[in-house]
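Just below is one structure, and these are the notes that go with it.
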Amino acid sequence: MISSEAMAVRNQLIEKGLETPTIDNRMPQEQRYERIKGLMTEVLSTLGLNLEDDSLQETPHRIAKMYVYEVFSGLDYKNFPDIAMIDNKMGVEEMIKVRDISVLSSCEHHFVTIDGTAKVAYIPNKKIIGLSKINRLVRFFSQRPQVQERLTQQILVALQTLLETNNVAISINATHYCVKSRGVMDVNSKTETTALGGIFKSNERTRAEFLN
Ligand SMILES: Nc1nc2c(ncn2[C@@H]2O[C@H](COP(=O)(O)OP(=O)(O)OP(=O)(O)O)[C@@H](O)[C@H]2O)c(=O)[nH]1
Ligand SMILES: [Zn+2]
């Protein structure tokens, strides 16, 4: 079942043109897994690998399981985290900032790892979010084929929707293994993306407090 929070976030992303481009192929998870397993068998044998070898035998199964149930599980809103919100009874008016949130995602151009950290901040309105739920949201949207810019925006919009305020900011600093382990093979470069909402965009001091 897809929760009402997940539906609200999804609708906002669609409205803002930020949803991950997907097609509705109506294939249940188990069927997706079976199909990918068969197709990966083709890929591996086309590469010339011997799938009768005991180490390689289960690799099509492992890859299909990893795609459907692990690294791309965020394509399915049924896996959207349960979000615990609490009323801002204590009247918090200052910035809440969480740093060093792990970001492990996959680049949609090459299907290899994006590895980094996120910093998230918000100024509460009527609601406060359970801290671990910020990490879970980051993780949900990371578990999709991604470009870092879209990932950053999706987390911003999700938090804005759930917290019922525009005053949210996020930055992600990440290494792209498609840049590091292949292609240009730059082992040092990192990419920083930022998405600012509400007062984080309009007020220089608030923005500076977040960015520094
Ligand atoms: N903006 C952006 N680009 C990304 C991201 N992840 C990967 N890319 C880039 O996507 C581009 C794809 O370029 P292409 O020329 O189509 O692919 P390619 O031939 O494999 O390119 P090289 O990586 O330069 O070898 C590359 O420049 C990647 O570095 C991302 O999160 N954001
Ligand atoms: Zn890439």
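Note that Cβ sites are derived from N, Cα and C of the backbone, with glycine treated the same way.
Annotated domain 'GTP cyclohydrolase I' per TrEMBL: 39-211, in sequence order.
For the recorded site, Cys107 (Zn(2+) binding site), the DSSP three-state label reads strand. What TrEMBL lists as Zn(2+) binding site is Cys107, His110, Cys178.
Neighbouring residues of the recorded Zn(2+) site, listed in sequence order and excluding Cys107, His110, Cys178, comprise Ser106, Glu108, His109, Phe111, Val112, Ile114, His176, Tyr177, Val179, Arg182, Gly183 (Cβ within 8 Å of the Cβ centroid).
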